[in-house]
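**Student:** Mind having a look at this structure? Questions to follow.
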Amino acid sequence: DPLLHLQQIQFVEDKQEFSRFPTKTGRRSLSRSISQSSTDSYGSDSSDDETSPRDKTQLNSKGTSDFCVKNIKQAEFGRREIEIAEQDMSALISLRKRAQGEKPLAGAKIVGCTHITAQTAVLIETLVALGAQCRWTACNIYSTQNEVAAALSEIGVAVFAWKGESEDDFWWCIDKCVNMEGWQPNMILDDGGDLTHWVYKKYPNVFKKIRGIVEESVTGVHRLYQLSKAGKLCVPAMNVNDSVTKQKFDNLYCCRESILDGLKRTTDVMFGGKQVVVCGYGEVGKGCTAALKAMGSIVYVTEIDPISLCGDGGFRLVFFSGLLGNKNVVTRDQLDRMKNGSIVCNMGHSNTEIDVASLRTPELTWERVRSQVDHVIWPDGKRVILLAEGRLLNLSCSTVPTFVLSITATTQALALIELYNAPEGRYKQDVYLLPKKMDEYVASLHLPTFDAHLTELSDEQAKYLGLNKNGPFKPNYYRYKHASKIP
């Protein structure tokens with residue numbers, strides 16, 4: 001059969017042998033099969049894929065080389081990506097226009113460790129427009145958009161990141177951002193806590209002089225609270241992960257949309273009738289379960305917190321150590337008992353939730369079948385499909401809604417402005433939530449997108465409620481309801 005013969009040839013061509021995960025001392029970047037995903041720009045240049053960016057000397061058009069990206073020649077394509085993102089980030093652009101005359105971040109030297117995407121680039125360029133100097137690296141080895149990193153490097157932002165870094169590359173990039181002769185950071189913007197941890201451990205004198213830390217992830221916030229509890233947090237920090245706008249949009253709505261995108265791009269799976277176990281039922285879990293249920297999947301939820309489960313969602317519920325942001329949520333024993341063809345992925349920040357290390361043993365065979373997709377094969381022939389090597393699925397394998405990231409980025413920008421300009425004594429050496437007034441301001445900046453207009457309290461109504469007409473409108477103890485079943 002000619003068609004069958006063609007399919008067999010195609011399968012052989014597409015199939016790539018998995019190259020072992022680089023050691024901490026290995027400097028060679030991952031192969032093209034790992035480093036490129038369906039989100040790469042058409043401007044990608046494959047001519048130098050086998051050369052680590054650390055081994056190349058590159059200059060931008062201004063003749064400077066204070067950066068390390070995959071290919072500076074991709075800057076033009078990255079600029080187009082950023083311009084597209086700006087169209088759906090009108091609130092952040094509005095903040096930029098309102099505040100750039102005052103330059104509230106003049107003198108701020110911000111070192112950042114986040115996902116480097118077109119949306120993050122809009123945030124970075126906003127911080128620069130407000131007066132800050134920025135040096136940036138990636139918080140995830142798979143989520144960097146190479147062309148966007150090139151575009152930022154072209155305008156003078158010192159970026160050290162590329163898609164498909166090894167673990168050694170990851171820490172090298174963080175160190176290059178922090179350890180710059182004649183330049184010392186005074187603000188940290190982190191996603192996951194790795195940058196904060198690195199500065200705290202390696203450069204304690206620098207850490208003591210930091211004026212503020214802004215952290216946006218569950219994992220990073222947990223690490224900050226651990227430092228604070230141990231009495232080792234010597235600078236004020238802002239927890240933006242638990243701001244209302246971030247929780248509602250980034251954690252719930254973003255994951256509700258991006259979970260399906262990531263799974264479809266990597267596996268082409270049909271969701272109808274599939275049995276899915278979601279470990280953790282916080283805002284991320286609620287978003288994922290709502291999306292999967294809407295597509296016809298049979299969804300089971302595991303959770304340890306009775307409040308998170310109580311009377312919400314209509315899913316089949318069991319109790320299990322499955323909070324997102326934890327470690328060893330999915331263990332080797334459970335992986336051994338999974339059915340042939342099971343798909344395993346992670347929607348949390350860290351790669352510790354799935355015990356991937358336990359799968360790197362001689363009796364198991366790893367087979368790379370496409371970008372970010374590995375078949376882990378047991379001796380009896382059973383295959384488990386592992387996505388992004390257990391790292392964050394949506395930003396590793398797909399994209400997330402720009403509007404959602406606009407809200408998070410605006411929150412981060414305001415938190416940096418607040419900490420940098422706060423008078424001495426306002427914030428002590430502790431972890432703080434974003435002030436309610438700022439949370440409301442972030443939301444108000446995004447209302448024009450929906451053509452929404454607020455009703456204003458009369459003087460009599462404001463007096464009756466004991467509120468200022470301009471907010472804040474809710475006390476700090478108020479708990480907003482985040483509905484998981486949204487039409």
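Positions of Cβ are set from backbone N, Cα and C atoms, glycine also.
Grabbed the feature section from TrEMBL, which reads as follows:
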REGION    17-63  region 'Disordered'
COMPBIAS  31-45  compositional bias 'Low complexity'
BINDING   Thr117, Asp191, Glu216, Lys246, Asp250  substrate binding site
DOMAIN    251-400  domain 'S-adenosyl-L-homocysteine hydrolase NAD binding'
BINDING   Gly282, Glu283, Val284, Gly285, Lys286, Gly287, Glu303, Asn394  NAD(+) binding site
**Student:** Around Lys246 (substrate binding site), how many other C-beta atoms are within 10 angstroms of its C-beta?
**Tutor:** 26
**Student:** Need one number for the substrate-binding residues Thr117, Asp191, Glu216, Lys246, Asp250: the maximum pairwise CA distance in Å, whole number please.
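**Tutor:** Those residues reach a largest Cα separation of 18 Å.
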**Student:** Taking the Cα atoms as reference points, how far is Val284 (NAD(+) binding site) from Lys246 (substrate binding site) in Å?
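**Tutor:** That comes out at 11 Å between the alpha carbons.
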**Student:** Return the single residue from the binding-site residues list (Gly282, Gly285) that has the minimum number of other CB atoms within 10 Å.
**Tutor:** Gly282
**Student:** Just give me the nearest neighbour of Asp191 (substrate binding site) among the binding-site residues Glu283, Gly285, Asn394, Cα to Cα.
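**Tutor:** Its closest listed neighbour, by Cα, is Asn394.
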